[in-house]
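K.L.:
Below is a structure I'd like to ask you about.
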Amino acid sequence: MEHMFPENQIENLFVGWIKKHIRNGNLTLFEEFFKTDPWIVNRCDKNGSSVFMWICIYGRIDFLKFLFKQESYPGEIINPHRRDKDGNSALHYLAEKKNHLILEEVLGYFGKNGTRICLPNFNGITPVMKAAMRGRSLNMLSLIKFGADPTQKDYHRGFTAWDWAVFTGNMELVKSLNHDYQKPLYMHFPLYKLDVFHRWFKKKPKIIITGCKNNVYEKLPEQNPNFLCVKKLNKYGK
């Protein structure tokens, strides 16, 4: 008697096989499968991650450029809003990556079609929050440029992207957003006034939160090594 596999198991095995070829950069094989079945990009594994998501996760910009040339208009075949079992879209994964050029490529392409940049996962975490958690300042800037709202709050803590940057201790990100990019971004973050200084008995500078609403102080963990939260400082920063 012929052994029959459940349909979902066959789907998982197939996507897993395609995923390996994406990871290895086998674009020629992928092109052949795409020509046979363009909807392959939306097929998912057992975790709900689509083939398009895995292309983004592995950072295969050559695969992306191939796909974008196949569509008559953005979103004709590729569904950028498809989410995995945790509610994450491809943009959530791209926001965490170091190479912001891949994120720019996707945003620049789907931005023509009004892609929802602020789509949250099931915990209310948006792509720009993911970028803040990982300290990806260029990714944050790209997402905001294409319409992401850095003041949107998650469902559990009520944190914005800026709160997450401070909470996770990404000192360089906070410094960068407040100083290097002060003009375009400071309007989004009115609760904080930041001063950076070197303490003689510390190797690294501290970021001092010197001006914000009282309820924000409760969000900052005391054990965070990069941030101190005080209401008043003397001229020596103590």
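Note that Cβ sites are derived from N, Cα and C of the backbone, with glycine treated the same way.
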K.L.:
Which is it, of 94-105, 142-153, 202-213, that Swiss-Prot names as motif 'Nuclear localization signal'?
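P.N.:
The range carrying the motif 'Nuclear localization signal' annotation in Swiss-Prot is 202-213.
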K.L.:
Quick one: which of 55-58, 227-230 does Swiss-Prot have down as motif 'FLCV motif'?
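P.N.:
Feature motif 'FLCV motif' in Swiss-Prot: residues 227-230.
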K.L.:
In the same chain, who gets a Cβ under 8 Å from the motif 'Nuclear localization signal' (80-86) while lying at least 6 residues past its ends?
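P.N.:
Counting only partners 6 or more residues beyond its ends, the motif 'Nuclear localization signal' (80-86) has Cβ contacts under 8 Å with 42, 44, 47-50, 52-53, 106, 110, 115-116, 119, 121-123.
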K.L.:
In the predicted model, what is the mean pLDDT computed over the repeat 'ANK 1' (47-76)?
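P.N.:
Averaged over the repeat 'ANK 1' (47-76), per-residue pLDDT gives 92.
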